[in-house]
Amino acid sequence: AGTAXGDLTPFQLESLREVCEVNLACEHMADTXGIVAAYTAYYGY
């Protein structure tokens, strides 16, 4: 079962940001398409 963005807690979203920010491409995508989309694109879910 997939988890929609609305189901993530602020703590979970912050964890995704911390993983993504070490990857400049992921961080850039997060700025334009959102953290959940960027994390999923680079790291799967």
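In case you wondered, yes, glycine gets a Cβ from its N, Cα and C as well.
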Residue from GLU14, GLU27 to which Swiss-Prot assigns 4-carboxyglutamate: GLU14
Average model confidence [pLDDT] within the domain 'Gla' (1-44): 89
Cα distance (Å, whole number) from GLU18 (Ca(2+) 2 binding site) to CYS26 (disulfide bond): 11
